[in-house]
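Feature list, courtesy of Swiss-Prot:
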ACT_SITE  Asp494  active site, 4-aspartylphosphate intermediate
BINDING   Cys15, Cys18  Cu(+) 1 binding site
BINDING   Asp689, Asp693  Mg(2+) binding site
DOMAIN    4-69  domain 'HMA 1'
DOMAIN    71-137  domain 'HMA 2'
TRANSMEM  161-181  transmembrane segment
TRANSMEM  186-206  transmembrane segment
TRANSMEM  225-245  transmembrane segment
TRANSMEM  255-275  transmembrane segment
TRANSMEM  410-430  transmembrane segment
TRANSMEM  437-457  transmembrane segment
TRANSMEM  747-767  transmembrane segment
TRANSMEM  773-789  transmembrane segment
Amino acid sequence: MANTTLTLDIIGMTCAACSNRIEKKLNRMNHVQAKVNLTTEKATIDYESDDYHLEDFVEQIQSLGYDVAVEQVELNINGMTCAACSNRIEKVLNQTQGVQQATVNLTTEQALIKYYPSATNTEALIKRIQNIGYDAETKTSSKAQSNRKKQELKHKRNKLIISAILSLPLLLVMVVHISPISIPSILVNPWVQLILSTPVQFIIGWQFYVGAYKNLRNGSANMDVLVAVGTSAAYFYSIYEMMMWLTHQTHHPHLYFETSAILITLILLGKYLEARAKSQTTNALSELLNLQAKEARVIKENKEIMLPLDKVKVGDTLLIKPGEKIPVDGKVTKGDTSIDESMLTGESIPVEKSSGDSVIGSTMNKNGSIMIEATQVGGDTALSHIIKVVEDAQSSKAPIQRLADIISGYFVPIVVSIAVITFIIWIIFVHPGQFEPALVSAISVLVIACPCALGLATPTSIMVGTGRAAENGILFKGGQFVERAHYVDTIVLDKTGTITNGQPVVTDYVGDNDTLQLLASAENASEHPLADAIVTYAKDKGLNLLDNDTFKSIPGHGIKATIHQQQILVGNRKLMNDYNISISNKLNDQLNHYEHLGQTAMMIAVDNQINGIIAVADTVKNDAKQAIKELRNMNIDVVMLTGDNNRTAQTIAKQVGIEHVIAEVLPEEKAHQISLLQDKGKQVAMVGDGINDAPALVKADIGMAIGTGAEVAIEAADITILGGDLLLVPKAIKASKATIKNIRQNLFWAFGYNVAGIPIAACGLLAPWIAGAAMALSSVSVVMNALRLKKMKL
């Protein structure tokens with residue numbers, strides 16, 4: 001057995017006990033010698049390679065509560081022609097030492113690879129791809145990639161034009177066989193046909209030979225193999241016929257030069273149309289990229305300097321004039337203006353900005369000159385994060401693609417086998433001893449089969465669907481979430497900031513100003529949304545705030561503070577009961593009254609004596625009732641989940657049309673409530689702000705983070721709703737359902753085309769050129785069907 005040495009970067013070690021624990025765990029494995037260095041945070045492992053895989057050691061380390069460093073790289077891949085290619089590359093990468101997971105997308109021509117940096121690197125991964133016959137490079141900027149694809153499209157167009165010019169005369173020869181029209185006799189000359197077809201076969205069509213050779217050399221087969229074998233059979237049979245004619249001069253040869261040339265031309269036409277259609281699938285991403293400013297006006301040494309955007313650094317001072325885009329995320333340091341943030345929030349009304357306010361890159365400055373300090377630049381800006389989410393979603397795979405991937409892996413060998421069987425049956429049984437009909441039928445089988453349509457069926461729909469959703473402010477994190485969302489039958493909505501605006505105001509206060517001063521001073525240390533409303537209310541009354549000696553937040557109950565040796569309690573009935581503070585019937589009636597109105601009522605106790613009541617209300621979003629109505633019309637059960645008291649929650653629920661309410665739930669219990677719904681067989685989506693309900697978002701089958709501007713937690717959820725518009729929640733479900741429906745249509749067409757087309761070709765009912773045209777158009781039709789999603793109404 002061969003010995004192998006492996007080094008892993010470990011995350012989470014804090015002391016020698018950690019490193020010793022990991023070392024002991026690894027050394028308990030048979031035939032393993034491990035040393036863990038706390039200083040370098042690395043584990044060096046010697047083991048017998050036949051006994052273990054890298055993942056075995058990672059699993060052992062993770063079982064102790066530590067992790068192994070993983071990096072991610074995106075590669076552009078050139079040379080893929082069909083699903084067999086992408087599947088081959090993906091399989092090889094996933095079998096590579098050090099790779100955690102790799103996915104290859106035929107539509108975007110990219111690979112997304114997660115790997116252990118101490119076990120492999122980008123250069124090794126690129127070399128691995130090159131060794132199986134494809135070209136790979138580290139992903140360039142989206143703009144550079146767009147320019148490269150434009151050049152590739154132009155190159156494909158030029159090849160198509162040349163091939164068409166050479167093949168057109170041969171097409172006329174083919175027409176003579178099926179119609180009585182006359183053509184110049186020179187075109188029937190075998191030598192002319194040879195001269196016209198040879199450049200098409202071996203210069204224009206050389207790419208098919210190269211692709212076939214590379215795949216066969218590595219023990220696999222793809223579309224190039226089918227095209228190369230099929231067209232070569234027609235071409236070289238024609239050469240054979242010419243040689244027999246020159247030798248015997250007995251009859252005019254039966255030539256198929258036109259078949260090989262026209263097949264190649266039609267396939268090139270299909271590939272060109274496919275590339276053009278695929279370029280349209282990234283329009284949404286292109287539009288996002290176009291939102292970015294190209295340069296910024298930076299103030300240095302009291303001078304204005306125009307710099308490219310990539311030269312701007314955090315801390316730079318920028319001047320933005322009216323009508324200009326905000327170049328980067330920043331904070332206003334001087335001036336007042338209004339900003340159009342509709343590109344991010346969907347809200348058409350400009351937002352007023354003054355000194356100290358945050359601004360978002362790529363939004364539009366409307367009517368005032370301002371100076372800002374850059375806080376986020378380059379890939380860290382809000383728009384860059386959005387673009388990254390869209391790119392990742394468009395490059396990802398949906399689980400529904402697995403069947404197509406499995407079939408594509410065996411597709412070409414099966415088709416070649418069917419072609420051979422077809423040839424044998426025809427030459428032995430159908431037309432015994434006749435070579436031509438057998439050859440023509442076999443060629444038709446080879447060229448009608450299309451693994452491309454199978455490979456494009458899912459990713460093109462995912463690209464267009466997620467792009468269209470992004471245009472509407474809905475960001476899917478990946479194809480798997482597009483698929484998972486269409487199964488959702490229950491949506492759980494957090495109340496504050498989701499159903500309501502999240503900007504509460506004080507509606508009633510019963511008590512004196514001294515109590516209000518103590519109340520506001522205590523709440524000033526709290527981060528709860530209601531606290532801001534109380535502090536603002538007290539300041540508007542002209543009260544000065546006092547310093548807290550101590551402060552404690554009691555989730556689900558309220559707060560406790562000490563101010564000038566006085567104990568202050570602010571909260572609900574539970575809090576008062578915990579401190580044995582009695583609540584009179586009159587006080588309880590007042591609480592019930594406020595709660596019946598949908599307000600949150602809190603009592604203020606000073607030294608265990610209730611001195612006042614304050615009621616705070618949060619207004620319901622204008623679109624909440626309509627959004628919930630749309631969800632219910634889609635047969636989706638809507639649940640409100642809140643920490644607020646049941647009476648207030650029921651009042652808000654009644655306003656918006658929610659029947660199922662789960663109230664008085666502590667933040668840490670929200671995830672448990674999601675589990676209870678899932679235990680009933682529900683497919684649950686949780687909608688919240690992604691911050692204080694993150695565990696519930698993670699626990700749900702689909703987590704949706706909803707928020708405004710740069711504050712929305714994109715990383716916290718599977719789907720991000722920009723702008724805080726609750727109507728985007730049903731739209732997200734609609735986008736998911738429409739995309740999955742489109743994928744199923746594509747898969748049905750791709751499978752059905754091959755299942756029906758191959759037997760028809762084998763029966764000799766299709767001429768090779770018709771079979772080739774059908775093959776070329778099959779993949780185009782799949783892409784065109786996916787493009788229909790660009791017009792879907794959400």
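Cβ coordinates come from backbone N, Cα and C, glycine included.
What does the local environment look like for each feature on the list?
Around Asp494 (active site, 4-aspartylphosphate intermediate), taking its Cβ as the centre, 24 other Cβ atoms fall within 10 Å, counting all chains.
In the structure as shown, the Cβ atom of Cys15 (Cu(+) 1 binding site) sits within 10 Å of 9 other Cβ atoms.
Take the CB of Asp693 (Mg(2+) binding site) and look out to 10 A: across all protein chains shown you find 28 other CB atoms.
Mean per-residue pLDDT, taken over the domain 'HMA 1' (4-69), amounts to 87.
Within its own chain, the transmembrane segment (186-206) is flanked in space by residues 159, 162-163, 166-167, 169-170, 172-173, 176, 227-228, 231-232, 235, 238-239, 242, 245, 253, 255, 257-258, 260-261, 264-265, 268, which lie at least six positions past its ends and keep a Cβ under 8 Å from the stretch.
Sequence-distant contacts of the transmembrane segment (225-245) (same chain, six or more residues past either end, CB-CB distance under 8 Å): 190, 193-194, 197, 201, 205, 208-209, 211-212, 215-216, 251-257, 259-260, 263-264, 267, 412, 415-416, 419, 435-436, 439, 442-443, 446-447, 449, 768.
Within its own chain, the transmembrane segment (410-430) is flanked in space by residues 83-84, 221-223, 225-226, 229, 437-439, 441-443, 445-446, 449, 451, 454, 754, 758, 761-762, 764, which lie at least six positions past its ends and keep a Cβ under 8 Å from the stretch.
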Using a 10 Å cut-off between Cα atoms, which of these binding-site residues sit near Asp494 (active site, 4-aspartylphosphate intermediate): Cys15, Cys18, Asp689, Asp693?
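Within 10 Å of Asp494 (active site, 4-aspartylphosphate intermediate): Asp689, Asp693.
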Counting each residue once, how many in the domain 'HMA 1' (4-69) are helix, strand and coil under DSSP?
22 helix, 23 strand, 21 coil
From the Cα of Asp689 (Mg(2+) binding site) across to the Cα of Cys15 (Cu(+) 1 binding site), what is the distance in angstrom?
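With the alpha carbons as reference points, the distance is 36 Å.
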With every protein chain in view, how many other Cβ atoms are within 10 Å of the Cβ of Asp689 (Mg(2+) binding site)?
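A count of 24.
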Using a Cβ cut-off of under 8 Å, list the residues of the same chain at least 6 residues beyond the transmembrane segment (773-789) that approach it.
266-267, 269-271, 273-274, 277-278, 280-281, 447-450, 452-453, 456-457, 460-461, 463-465, 468, 738-739, 742, 745-746, 749-750, 753, 757, 766
I need to check the long-range neighbours of the transmembrane segment (747-767): which residues 6 or more away from its ends have a CB within less than 8 Å of a CB in the stretch?
259, 400, 403-404, 407, 411, 415, 418, 422, 426, 430, 437, 440-441, 444-445, 448-450, 453-454, 456-458, 774-775, 778, 781-782, 785
Based on DSSP, tally up the residues of the domain 'HMA 2' (71-137) by helix, strand and coil.
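Helix (H, G, I), strand (E, B), coil: 22 helix, 24 strand, 21 coil.
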So which residues does the transmembrane segment (255-275) touch in its own chain, when a touch means Cβ under 8 Å and the partner is 6 or more beyond its ends?
81, 149, 152-153, 156-157, 159-160, 163-164, 166-167, 170-171, 173-174, 190, 193-194, 196-197, 200-201, 204-205, 208, 227, 230-232, 234-235, 237-238, 241-242, 440, 443, 447, 452, 456, 767-769, 772-773, 775-777, 779-780, 783
